[in-house]
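Lifted from TrEMBL, the feature list:
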{"type": "TRANSMEM", "residues": "63-86", "note": "transmembrane segment"}
{"type": "DOMAIN", "residues": "93-217", "note": "domain 'Phosphatidic acid phosphatase type 2/haloperoxidase'"}
{"type": "TRANSMEM", "residues": "172-192", "note": "transmembrane segment"}
{"type": "TRANSMEM", "residues": "198-219", "note": "transmembrane segment"}
{"type": "TRANSMEM", "residues": "226-248", "note": "transmembrane segment"}
Amino acid sequence: MESIALWQATALCGIASWIAVSSCFNVTHKIRSLLQPWASHHVAAGTPAVLRIQKHQNRYLDALFSGLSCVVSVPFYTAFLPFLFWSGHGKLARQMTLLMAFCDYSGNCIKDVVSAPRPSSPPVRRVTATKDEEDNALEYGLPSSHTLNTVCLSGYLLHYVLSYMQVQDPSLTCAAVAFVCLLVGLTGWGRIYLGMHSLIDIICGLLIGLMILASWLTVHDHIDSFIISGQNVTTFWATLSFLLLFAYPTPEFPTPSFEYHTAFDGVAFGIVAGIQQTYQQFHHEGVPKIFTAELTAPAFLGRAAIGIPTILLVKFCSKALSKWILPLVSNTLGIPIRSTGYIPLLNAATGKKSGGNMKQQQSSVGYIQKLFFFSNQMDSFDVDTGIRFLQYAGLAWSVVDLVPSIFSYLGL
(Lines of atoms letter the chains of each structure in order from A and count residues from 1; the text may use other names and numbers.)
(Lines give C-alpha, C1' and ligand atoms only; values in the text may rest on other atoms or scores of the structure.)
Protein backbone atom coordinates (compact mmCIF):
# COMPACT_ATOMS: atom_id res chain seq x y z
CA MET A 1 0.00 0.00 0.00
CA GLU A 2 2.82 2.41 0.88
CA SER A 3 4.64 1.66 -2.38
CA ILE A 4 1.45 2.31 -4.35
CA ALA A 5 0.89 5.65 -2.65
CA LEU A 6 4.57 6.51 -3.13
CA TRP A 7 4.65 6.02 -6.90
CA GLN A 8 1.37 7.86 -7.33
CA ALA A 9 2.59 10.81 -5.27
CA THR A 10 5.91 10.78 -7.13
CA ALA A 11 4.20 10.85 -10.52
CA LEU A 12 1.85 13.67 -9.60
CA CYS A 13 4.59 15.70 -7.92
CA GLY A 14 6.75 15.19 -10.99
CA ILE A 15 4.06 16.63 -13.27
CA ALA A 16 3.43 19.53 -10.88
CA SER A 17 7.16 20.26 -10.75
CA TRP A 18 7.38 20.20 -14.52
CA ILE A 19 4.52 22.71 -14.69
CA ALA A 20 6.30 25.07 -12.30
CA VAL A 21 9.74 24.74 -13.91
CA SER A 22 8.40 25.04 -17.45
CA SER A 23 6.43 28.14 -16.57
CA CYS A 24 9.41 29.82 -14.92
CA PHE A 25 11.79 29.14 -17.80
CA ASN A 26 9.34 29.68 -20.68
CA VAL A 27 10.04 26.23 -22.09
CA THR A 28 7.29 26.48 -24.72
CA HIS A 29 8.77 29.61 -26.24
CA LYS A 30 12.29 28.17 -26.28
CA ILE A 31 11.16 24.97 -28.01
CA ARG A 32 9.01 26.93 -30.45
CA SER A 33 11.86 29.25 -31.38
CA LEU A 34 13.91 26.18 -32.35
CA LEU A 35 11.27 24.13 -34.16
CA GLN A 36 8.86 26.61 -35.72
CA PRO A 37 11.26 28.06 -38.34
CA TRP A 38 12.29 24.54 -39.37
CA ALA A 39 8.69 23.34 -39.63
CA SER A 40 7.51 26.47 -41.45
CA HIS A 41 10.33 26.14 -43.98
CA HIS A 42 9.40 22.53 -44.77
CA VAL A 43 5.71 23.41 -45.05
CA ALA A 44 6.47 26.20 -47.52
CA ALA A 45 8.94 24.00 -49.43
CA GLY A 46 6.31 21.25 -49.63
CA THR A 47 3.64 23.43 -51.21
CA PRO A 48 4.61 22.54 -54.81
CA ALA A 49 4.24 18.82 -53.96
CA VAL A 50 0.76 19.47 -52.55
CA LEU A 51 -0.20 21.36 -55.71
CA ARG A 52 1.08 18.50 -57.90
CA ILE A 53 -1.08 16.03 -55.97
CA GLN A 54 -4.09 18.34 -56.25
CA LYS A 55 -3.72 18.52 -60.04
CA HIS A 56 -5.47 15.16 -60.14
CA GLN A 57 -8.49 16.47 -58.25
CA ASN A 58 -12.01 15.38 -59.13
CA ARG A 59 -15.27 15.02 -57.26
CA TYR A 60 -14.81 11.29 -56.71
CA LEU A 61 -11.45 11.73 -55.00
CA ASP A 62 -12.89 14.64 -53.03
CA ALA A 63 -15.68 12.38 -51.77
CA LEU A 64 -13.31 9.45 -51.10
CA PHE A 65 -10.78 11.36 -49.03
CA SER A 66 -13.39 13.52 -47.29
CA GLY A 67 -15.23 10.37 -46.28
CA LEU A 68 -12.01 8.70 -45.13
CA SER A 69 -11.09 11.74 -43.04
CA CYS A 70 -14.46 11.37 -41.26
CA VAL A 71 -13.99 7.63 -40.69
CA VAL A 72 -10.63 8.12 -38.99
CA SER A 73 -11.60 11.30 -37.15
CA VAL A 74 -11.95 11.81 -33.41
CA PRO A 75 -15.78 12.19 -33.58
CA PHE A 76 -16.06 8.83 -35.36
CA TYR A 77 -13.97 7.03 -32.78
CA THR A 78 -15.90 8.79 -30.02
CA ALA A 79 -19.15 7.40 -31.42
CA PHE A 80 -17.58 3.99 -32.05
CA LEU A 81 -16.13 3.41 -28.58
CA PRO A 82 -19.45 3.04 -26.68
CA PHE A 83 -20.37 0.17 -28.99
CA LEU A 84 -17.09 -1.54 -28.11
CA PHE A 85 -17.91 -1.34 -24.40
CA TRP A 86 -21.40 -2.72 -24.98
CA SER A 87 -20.12 -5.49 -27.27
CA GLY A 88 -18.36 -7.23 -24.37
CA HIS A 89 -14.80 -6.37 -25.47
CA GLY A 90 -14.16 -4.24 -22.41
CA LYS A 91 -10.37 -4.38 -22.41
CA LEU A 92 -10.17 -3.30 -26.05
CA ALA A 93 -12.60 -0.45 -25.40
CA ARG A 94 -10.73 0.72 -22.29
CA GLN A 95 -7.37 0.67 -23.99
CA MET A 96 -8.53 2.37 -27.18
CA THR A 97 -10.24 5.11 -25.17
CA LEU A 98 -7.18 5.83 -23.06
CA LEU A 99 -4.87 5.51 -26.06
CA MET A 100 -7.00 7.99 -27.99
CA ALA A 101 -6.94 10.41 -25.07
CA PHE A 102 -3.15 10.09 -24.90
CA CYS A 103 -2.77 10.53 -28.67
CA ASP A 104 -5.05 13.54 -28.64
CA TYR A 105 -3.11 15.14 -25.80
CA SER A 106 0.32 14.38 -27.25
CA GLY A 107 -0.53 15.40 -30.80
CA ASN A 108 -2.27 18.63 -29.83
CA CYS A 109 0.50 19.54 -27.38
CA ILE A 110 3.07 19.23 -30.14
CA LYS A 111 0.86 21.19 -32.54
CA ASP A 112 0.50 24.09 -30.13
CA VAL A 113 4.12 24.06 -28.97
CA VAL A 114 5.51 24.18 -32.51
CA SER A 115 2.64 26.33 -33.88
CA ALA A 116 3.56 25.44 -37.46
CA PRO A 117 1.21 26.67 -40.21
CA ARG A 118 -0.82 24.50 -42.55
CA PRO A 119 -0.17 24.78 -46.30
CA SER A 120 -1.10 28.28 -47.47
CA SER A 121 -4.55 28.51 -49.05
CA PRO A 122 -4.48 29.83 -51.72
CA PRO A 123 -2.61 28.57 -53.70
CA VAL A 124 -3.43 25.23 -52.06
CA ARG A 125 -7.07 24.20 -52.38
CA ARG A 126 -8.43 23.29 -48.94
CA VAL A 127 -11.43 20.94 -48.88
CA THR A 128 -13.51 21.11 -45.68
CA ALA A 129 -16.61 19.06 -46.33
CA THR A 130 -17.81 18.93 -42.70
CA LYS A 131 -17.97 21.22 -39.68
CA ASP A 132 -15.40 18.99 -38.00
CA GLU A 133 -12.97 19.58 -40.86
CA GLU A 134 -13.57 23.33 -40.65
CA ASP A 135 -12.62 23.20 -36.98
CA ASN A 136 -9.56 21.06 -37.76
CA ALA A 137 -8.41 23.69 -40.24
CA LEU A 138 -8.21 26.20 -37.37
CA GLU A 139 -5.58 24.08 -35.61
CA TYR A 140 -1.87 24.12 -36.37
CA GLY A 141 -0.54 21.55 -38.81
CA LEU A 142 2.41 19.59 -37.43
CA PRO A 143 1.95 16.71 -36.77
CA SER A 144 -1.04 15.33 -38.67
CA SER A 145 -3.47 14.17 -35.96
CA HIS A 146 -5.39 11.99 -38.41
CA THR A 147 -2.21 10.14 -39.34
CA LEU A 148 -1.01 9.84 -35.75
CA ASN A 149 -4.37 8.59 -34.47
CA THR A 150 -4.82 6.15 -37.34
CA VAL A 151 -1.39 4.61 -36.75
CA CYS A 152 -2.01 4.17 -33.02
CA LEU A 153 -5.64 3.08 -32.99
CA SER A 154 -5.60 0.82 -36.05
CA GLY A 155 -2.27 -0.62 -34.87
CA TYR A 156 -3.61 -1.40 -31.42
CA LEU A 157 -6.82 -2.83 -32.87
CA LEU A 158 -4.72 -5.08 -35.10
CA HIS A 159 -2.65 -6.21 -32.10
CA TYR A 160 -5.79 -6.99 -30.08
CA VAL A 161 -7.53 -8.91 -32.88
CA LEU A 162 -4.48 -11.02 -33.66
CA SER A 163 -3.95 -11.76 -29.97
CA TYR A 164 -7.61 -12.38 -29.14
CA MET A 165 -8.19 -14.65 -32.12
CA GLN A 166 -4.76 -16.28 -31.68
CA VAL A 167 -4.11 -16.09 -35.41
CA GLN A 168 -1.42 -18.56 -36.46
CA ASP A 169 -1.72 -18.23 -40.24
CA PRO A 170 1.15 -15.99 -41.53
CA SER A 171 -0.76 -15.09 -44.69
CA LEU A 172 -3.72 -13.83 -42.67
CA THR A 173 -1.41 -11.83 -40.43
CA CYS A 174 0.33 -10.30 -43.46
CA ALA A 175 -3.02 -9.42 -45.02
CA ALA A 176 -4.16 -7.69 -41.82
CA VAL A 177 -0.90 -5.75 -41.53
CA ALA A 178 -1.12 -4.77 -45.22
CA PHE A 179 -4.67 -3.49 -44.71
CA VAL A 180 -3.59 -1.32 -41.77
CA CYS A 181 -0.65 0.03 -43.77
CA LEU A 182 -2.98 0.80 -46.69
CA LEU A 183 -5.37 2.63 -44.34
CA VAL A 184 -2.55 4.70 -42.87
CA GLY A 185 -1.15 5.45 -46.34
CA LEU A 186 -4.51 6.53 -47.74
CA THR A 187 -5.15 8.66 -44.66
CA GLY A 188 -1.87 10.50 -45.02
CA TRP A 189 -2.23 10.90 -48.78
CA GLY A 190 -5.80 12.12 -48.33
CA ARG A 191 -4.77 14.80 -45.83
CA ILE A 192 -2.32 16.18 -48.40
CA TYR A 193 -4.88 15.90 -51.22
CA LEU A 194 -7.46 17.83 -49.17
CA GLY A 195 -4.94 20.61 -48.57
CA MET A 196 -4.95 20.11 -44.81
CA HIS A 197 -1.31 19.04 -44.41
CA SER A 198 2.06 19.06 -46.08
CA LEU A 199 4.37 16.06 -46.38
CA ILE A 200 6.37 17.00 -43.28
CA ASP A 201 3.17 16.94 -41.18
CA ILE A 202 2.36 13.42 -42.38
CA ILE A 203 5.89 12.13 -41.79
CA CYS A 204 5.97 13.54 -38.25
CA GLY A 205 2.50 12.16 -37.54
CA LEU A 206 3.60 8.72 -38.73
CA LEU A 207 6.83 8.68 -36.70
CA ILE A 208 5.24 10.03 -33.52
CA GLY A 209 2.36 7.57 -33.90
CA LEU A 210 4.72 4.63 -34.22
CA MET A 211 6.64 5.72 -31.13
CA ILE A 212 3.46 6.12 -29.09
CA LEU A 213 2.10 2.77 -30.28
CA ALA A 214 5.35 0.95 -29.45
CA SER A 215 5.42 2.55 -26.00
CA TRP A 216 1.76 1.78 -25.34
CA LEU A 217 2.16 -1.89 -26.24
CA THR A 218 4.80 -2.21 -23.53
CA VAL A 219 2.66 -0.73 -20.75
CA HIS A 220 -0.99 -1.33 -21.70
CA ASP A 221 -1.34 -4.43 -19.52
CA HIS A 222 0.04 -2.58 -16.50
CA ILE A 223 -2.31 0.35 -17.10
CA ASP A 224 -5.31 -1.96 -17.43
CA SER A 225 -4.38 -3.85 -14.28
CA PHE A 226 -4.10 -0.58 -12.36
CA ILE A 227 -7.51 0.63 -13.57
CA ILE A 228 -9.43 -2.52 -12.72
CA SER A 229 -7.74 -3.50 -9.45
CA GLY A 230 -5.46 -0.68 -8.29
CA GLN A 231 -5.61 1.45 -5.15
CA ASN A 232 -6.66 5.13 -5.09
CA VAL A 233 -7.44 4.92 -8.81
CA THR A 234 -10.23 7.50 -8.98
CA THR A 235 -8.44 9.98 -6.73
CA PHE A 236 -5.19 9.58 -8.63
CA TRP A 237 -6.86 9.98 -12.04
CA ALA A 238 -8.87 13.01 -10.94
CA THR A 239 -5.69 14.73 -9.77
CA LEU A 240 -3.86 13.69 -12.94
CA SER A 241 -6.66 15.08 -15.12
CA PHE A 242 -6.56 18.38 -13.24
CA LEU A 243 -2.79 18.71 -13.63
CA LEU A 244 -2.93 17.88 -17.33
CA LEU A 245 -5.27 20.82 -17.87
CA PHE A 246 -2.61 23.13 -16.45
CA ALA A 247 0.26 21.38 -18.20
CA TYR A 248 -1.16 22.06 -21.65
CA PRO A 249 1.01 24.55 -23.60
CA THR A 250 -0.27 27.88 -24.88
CA PRO A 251 -0.15 28.15 -28.70
CA GLU A 252 1.13 31.20 -30.51
CA PHE A 253 -2.47 32.09 -31.34
CA PRO A 254 -5.67 30.50 -29.95
CA THR A 255 -6.83 27.23 -31.55
CA PRO A 256 -9.53 24.63 -30.73
CA SER A 257 -6.91 22.04 -29.75
CA PHE A 258 -7.19 22.64 -26.01
CA GLU A 259 -10.96 22.17 -26.17
CA TYR A 260 -10.47 18.74 -27.75
CA HIS A 261 -7.99 17.78 -25.06
CA THR A 262 -10.34 18.93 -22.29
CA ALA A 263 -13.14 16.78 -23.72
CA PHE A 264 -10.96 13.66 -23.93
CA ASP A 265 -9.44 14.37 -20.53
CA GLY A 266 -13.00 14.23 -19.19
CA VAL A 267 -13.80 11.09 -21.17
CA ALA A 268 -10.74 9.28 -19.81
CA PHE A 269 -11.62 10.25 -16.23
CA GLY A 270 -15.25 9.17 -16.64
CA ILE A 271 -14.23 5.82 -18.10
CA VAL A 272 -11.66 5.13 -15.38
CA ALA A 273 -13.98 6.15 -12.55
CA GLY A 274 -16.85 4.07 -13.94
CA ILE A 275 -14.76 0.97 -14.64
CA GLN A 276 -13.23 1.12 -11.16
CA GLN A 277 -16.71 0.90 -9.64
CA THR A 278 -18.36 -1.61 -11.97
CA TYR A 279 -15.64 -3.89 -13.33
CA GLN A 280 -16.83 -7.00 -11.55
CA GLN A 281 -20.45 -6.42 -12.59
CA PHE A 282 -20.23 -5.39 -16.23
CA HIS A 283 -16.69 -5.35 -17.63
CA HIS A 284 -14.80 -8.48 -16.56
CA GLU A 285 -13.51 -10.93 -19.16
CA GLY A 286 -16.42 -13.32 -18.63
CA VAL A 287 -19.17 -10.95 -19.81
CA PRO A 288 -21.14 -11.99 -22.92
CA LYS A 289 -19.53 -10.94 -26.18
CA ILE A 290 -21.24 -9.97 -29.38
CA PHE A 291 -22.20 -12.64 -31.94
CA THR A 292 -22.39 -15.34 -29.28
CA ALA A 293 -25.45 -17.11 -27.92
CA GLU A 294 -25.34 -14.86 -24.85
CA LEU A 295 -25.26 -11.62 -26.89
CA THR A 296 -26.90 -11.98 -30.28
CA ALA A 297 -26.97 -9.30 -32.97
CA PRO A 298 -30.62 -8.33 -32.22
CA ALA A 299 -29.80 -7.96 -28.52
CA PHE A 300 -26.81 -5.78 -29.37
CA LEU A 301 -28.98 -3.59 -31.60
CA GLY A 302 -31.36 -3.27 -28.66
CA ARG A 303 -28.45 -2.12 -26.52
CA ALA A 304 -27.53 0.49 -29.11
CA ALA A 305 -31.11 1.73 -29.41
CA ILE A 306 -31.31 2.27 -25.65
CA GLY A 307 -27.71 3.25 -24.95
CA ILE A 308 -27.15 6.04 -27.48
CA PRO A 309 -30.15 8.19 -26.45
CA THR A 310 -29.27 7.61 -22.79
CA ILE A 311 -25.69 8.83 -23.05
CA LEU A 312 -26.77 11.84 -25.12
CA LEU A 313 -29.32 12.70 -22.43
CA VAL A 314 -26.64 12.35 -19.74
CA LYS A 315 -24.32 14.60 -21.76
CA PHE A 316 -27.03 17.26 -21.97
CA CYS A 317 -27.84 17.00 -18.26
CA SER A 318 -24.16 17.04 -17.25
CA LYS A 319 -23.63 20.22 -19.25
CA ALA A 320 -26.71 21.88 -17.77
CA LEU A 321 -25.75 20.96 -14.20
CA SER A 322 -22.15 22.09 -14.72
CA LYS A 323 -23.32 25.45 -16.10
CA TRP A 324 -25.35 25.94 -12.92
CA ILE A 325 -23.02 24.47 -10.29
CA LEU A 326 -19.57 25.72 -11.37
CA PRO A 327 -20.43 29.45 -11.41
CA LEU A 328 -22.20 29.03 -8.05
CA VAL A 329 -19.18 27.31 -6.48
CA SER A 330 -16.76 29.82 -8.03
CA ASN A 331 -18.73 32.77 -6.71
CA THR A 332 -18.94 31.16 -3.27
CA LEU A 333 -15.17 30.68 -3.19
CA GLY A 334 -14.53 34.14 -4.61
CA ILE A 335 -12.90 32.84 -7.81
CA PRO A 336 -13.30 35.30 -10.71
CA ILE A 337 -14.71 33.53 -13.75
CA ARG A 338 -15.66 34.22 -17.35
CA SER A 339 -17.20 32.23 -20.17
CA THR A 340 -16.25 32.35 -23.83
CA GLY A 341 -19.28 30.45 -25.08
CA TYR A 342 -21.34 28.38 -22.65
CA ILE A 343 -22.73 31.16 -20.41
CA PRO A 344 -23.53 34.31 -22.44
CA LEU A 345 -24.15 36.44 -19.35
CA LEU A 346 -20.62 35.84 -18.10
CA ASN A 347 -19.27 36.53 -21.55
CA ALA A 348 -21.15 39.82 -21.70
CA ALA A 349 -20.00 40.80 -18.23
CA THR A 350 -16.33 40.21 -18.97
CA GLY A 351 -16.33 40.68 -22.73
CA LYS A 352 -14.49 43.97 -22.79
CA LYS A 353 -11.87 42.77 -20.34
CA SER A 354 -11.40 39.41 -22.03
CA GLY A 355 -11.36 41.06 -25.44
CA GLY A 356 -8.59 43.34 -24.31
CA ASN A 357 -6.62 40.38 -23.01
CA MET A 358 -7.09 38.52 -26.30
CA LYS A 359 -5.88 41.47 -28.36
CA GLN A 360 -2.90 41.85 -26.07
CA GLN A 361 -2.25 38.11 -26.37
CA GLN A 362 -2.25 38.25 -30.14
CA SER A 363 -0.24 41.47 -30.43
CA SER A 364 3.04 40.17 -29.06
CA VAL A 365 4.69 36.79 -29.23
CA GLY A 366 6.67 37.70 -26.13
CA TYR A 367 3.48 37.82 -24.09
CA ILE A 368 2.60 34.28 -25.18
CA GLN A 369 5.77 32.72 -23.93
CA LYS A 370 4.08 31.44 -20.78
CA LEU A 371 3.41 27.73 -20.85
CA PHE A 372 -0.07 27.23 -19.43
CA PHE A 373 -3.52 28.12 -20.55
CA PHE A 374 -4.33 30.09 -17.39
CA SER A 375 -0.98 31.88 -17.26
CA ASN A 376 -1.93 34.66 -19.67
CA GLN A 377 -5.39 35.08 -18.17
CA MET A 378 -4.75 35.28 -14.43
CA ASP A 379 -7.55 37.84 -14.00
CA SER A 380 -10.25 35.17 -14.41
CA PHE A 381 -10.88 31.48 -14.88
CA ASP A 382 -12.57 30.27 -18.08
CA VAL A 383 -15.43 28.25 -16.62
CA ASP A 384 -16.06 26.66 -20.02
CA THR A 385 -13.06 24.39 -19.38
CA GLY A 386 -14.65 22.92 -16.26
CA ILE A 387 -18.05 22.64 -17.92
CA ARG A 388 -16.61 20.78 -20.89
CA PHE A 389 -14.60 18.44 -18.67
CA LEU A 390 -17.58 17.51 -16.49
CA GLN A 391 -19.89 17.20 -19.49
CA TYR A 392 -17.71 14.58 -21.16
CA ALA A 393 -16.83 12.88 -17.88
CA GLY A 394 -20.55 12.39 -17.27
CA LEU A 395 -21.06 11.04 -20.77
CA ALA A 396 -18.19 8.55 -20.39
CA TRP A 397 -19.38 7.44 -16.94
CA SER A 398 -22.82 6.70 -18.35
CA VAL A 399 -21.29 4.50 -21.07
CA VAL A 400 -19.64 2.16 -18.56
CA ASP A 401 -21.87 2.45 -15.50
CA LEU A 402 -25.39 3.82 -16.01
CA VAL A 403 -26.14 2.25 -19.39
CA PRO A 404 -24.85 -1.27 -18.48
CA SER A 405 -27.01 -1.05 -15.34
CA ILE A 406 -30.02 -0.36 -17.55
CA PHE A 407 -29.06 -3.30 -19.80
CA SER A 408 -28.89 -5.56 -16.75
CA TYR A 409 -32.28 -4.38 -15.54
CA LEU A 410 -33.85 -4.98 -18.99
CA GLY A 411 -32.15 -8.34 -19.47
CA LEU A 412 -30.03 -7.17 -22.38
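Glycine too: its Cβ is placed from the backbone N, Cα and C atoms.
All TrEMBL annotations are machine predictions without curation.
The shown structure was predicted, so the numbers you read here are calculated from the model rather than taken from an experiment.
Long-range contacts of the transmembrane segment (198-219) within its own chain (CB-CB distance under 8 A, at least 6 residues past either end) are made by residues 39, 42-43, 46-47, 49-50, 95, 99, 102-103, 106-107, 110, 116, 118-119, 141-152, 155-156, 159, 184, 188, 191-192. Residues 1, 4-5, 8, 11-12, 15-16, 18-19, 22, 94, 105, 108-109, 112, 258, 261-262, 265-266, 268-269, 272-273, 275-276, 279, 283, 371-374, 385, 389 of the same chain lie 6 or more positions beyond the ends of the transmembrane segment (226-248) yet place their CB under 8 Å from a CB of it. Under DSSP, residues within the domain 'Phosphatidic acid phosphatase type 2/haloperoxidase' (93-217) fall into helix, strand and coil as 92 helix, 0 strand, 33 coil. If you take every residue in the domain 'Phosphatidic acid phosphatase type 2/haloperoxidase' (93-217) and average the pLDDT, you get 89.
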